[in-house]
Amino acid sequence: MPILEKVPPKMPVQASSCEEVLDLPKLPVPPLQQTLATYLQCMQHLVPEEQFRKSQAIVKRFGAPGGLGETLQEKLLERQEKTANWVSEYWLNDMYLNNRLALPVNSSPAVIFARQHFQDTNDQLRFAASLISGVLSYKALLDSQSIPTDWAKGQLSGQPLCMKQYYRLFSSYRLPGHTQDTLVAQKSSIMPEPEHVIVACCNQFFVLDVVINFRRLSEGDLFTQLRKIVKMASNEDERLPPIGLLTSDGRSEWAKARTVLLKDSTNRDSLDMIERCICLVCLDGPGTGDLSDTHRALQLLHGGGCSLNGANRWYDKSLQFVVGRDGTCGVVCEHSPFDGIVLVQCTEHLLKHMMTGNKKLVRVDSVSELPAPRRLRWKCSPETQGHLASSAEKLQRIVKNLDFIVYKFDNYGKTFIKKQKCSPDGFIQVALQLAYYRLYQRLVPTYESASIRRFQEGRVDNIRSATPEALAFVQAMTDHKAAVLASEKLQLLQRAIQAQTEYTVMAITGMAIDNHLLALRELARDLCKEPPEMFMDETYLMSNRFILSTSQVPTTMEMFCCYGPVVPNGYGACYNPHAEAITFCISSFHGCKETSSVEFAEAVGASLVDMRDLCSSRQPADSKPPTAKERARGPSQAKQS
């Protein structure tokens, strides 16, 4: 086993030393009148004229001199002085902890690795052992504060970014609550650092100690222990109920079930071991047999339900690494502690570790007999059995309701877009708007996450991609009666991309509207007896129903990210631009008759082809003209991965 230096537990303040060294600025508070004007500009073209006039009057009263808006703005400026980040608590509660929906599909994204080709169970376990070894190496970097600082890329590149999210990767747990969850972090200087991983196998949970006598287990030792776990899990006489199913339920239902579990000391001990672990490793059985990108992603998003691997999970833990017998591998993320880019950075580090091997560690002979991993025990009352049956039924509903496709658009990628002197992200966002307009003849409030990690404790704000300029472009592209010239369409496209880019810069510099309005709304809860009309207005409520929830999650290795929609009639659209292709993960719900993930993916493909055709009409040398087959094909005929 590699010999570890015994390091004293970290105090919470040490996790913030990166920010102290970087001296990151505080998140600014945007001017009130600027935010109100931008809000109206973002919504005017998305609502009926009469509704907009009513909202305009409400906003005017809210922002009037000496009015409620100015009072709340003053309170917010006071809050900015007293806190590291004035929106972080409000944002975390609103985005995650207050949400009562089940975590699978609704909240927890997944990263899917390249398919592995395991010949047998031993291959599967070797991969898992190597992955755990990589986790321990990465955690050692975090514990010693040795992880290099991230620097901004893309718009306004070259600025250092807040690193606090990295220190939550292996130390966070989302505790269910009856009305609000709690994000728990292991910050104690008294309790020892966790030195165990929880392994899920056959819906059973096992404690795998990864440090014994101050020595970290080698990959060989980890492999040996994993083989023991698989053997123990295969003993049907010892099998216990699939308690992990409870974590897939609605948050209030799981909180109630957990309260019942806690009445028994055996259950309390088992819950404590899970809640304090470094991470979960889920050794899955085979899935549906379909190993396409789409079906492997579904195994990560919901496990295929209780009949497959859906109960072989513990959704409250921030990182669950899935290693399936059929080669389906990836990670399921409880999203509240950190953002997608942090997850990707961690995951890419692990995969590189697995590819290269860590030769720097000093190897010593394994102890003669490693203590056997421990199965977590559960005492299930009739009430708990009822909770399990209900959870299983609801998970099956989630599985059946998800309409999901991985679509690889391979006609071109970001190389072509950059040749047009366009932002790839802005270009793709406009394509998404065009796709939606083609299907529904309207634009809708759109969410695109924008990192605000340039500031202390920064997470994200929203880029509102459904701009007036995007509407002008998509109308020109779809109005066949108007006979708009190609040169005019091209000019409208450039304006739409420019508007998207300008809003992006506004968001990443802390000047977007969503976090600001959220903070004003939350401050009003404490200050006002009744909710202000500003935040009860239909236009404001509509502005927060994101029918298009989008995110660019680029990777340098073969993997992709996916998630579900955030409203019943919406789409999730996660995309990964490559040099010569773009991978899209499109999600919606079968329960909504208006939506179809395949149709939306086809519309995205057609929009991208038409936009290339439009650009190529000006610069034919930059790209070969699309063939008739390319123009017509969608994901059903092209690469539906």
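Cβ atoms here come from the backbone N, Cα and C positions, even for glycine.
The annotation active site, proton acceptor is assigned in Swiss-Prot to His335 on the grounds of similarity to another entry. His335 (active site, proton acceptor) carries neither a helix nor a strand DSSP state and counts as coil.
Within 10 Å of the C-beta of Gly413 (CoA binding site) there are 19 other C-beta atoms, taking all protein chains into account. The DSSP secondary structure for Gly413 (CoA binding site) is coil. Among the features that Swiss-Prot reports, CoA binding site is placed at 413-425, Ser451, Gln552, with the record citing similarity to another entry.
Residues or ranges marked as phosphoserine in Swiss-Prot: Ser17 (among others).
Annotation comment: Swiss-Prot describes Ser366 (among others) as phosphoserine.
The region 'Disordered' annotation in Swiss-Prot covers 615-641.
Under the three-state DSSP scheme, Lys421 (CoA binding site) falls in the coil class. Rounded to a whole number, the C-alpha distance linking Gln552 (CoA binding site) with His335 (active site, proton acceptor) is 16 angstrom. Just so you know, the Cβ of Lys421 (CoA binding site) picks up 9 other Cβ atoms within 10 Å once every protein chain is counted. Between Ser423 (CoA binding site) and His335 (active site, proton acceptor), the C-alpha separation comes to 27 Å. Each of the binding-site residues Thr415, Gln552 was scored by other CB atoms within 10 A of its CB, and the lowest score goes to Thr415. The 10 Å shell around the Cβ of Ser423 (CoA binding site) contains 20 further Cβ atoms across the protein chains shown. A distance of 31 Å separates the Cα atom of Ile417 (CoA binding site) from that of His335 (active site, proton acceptor).
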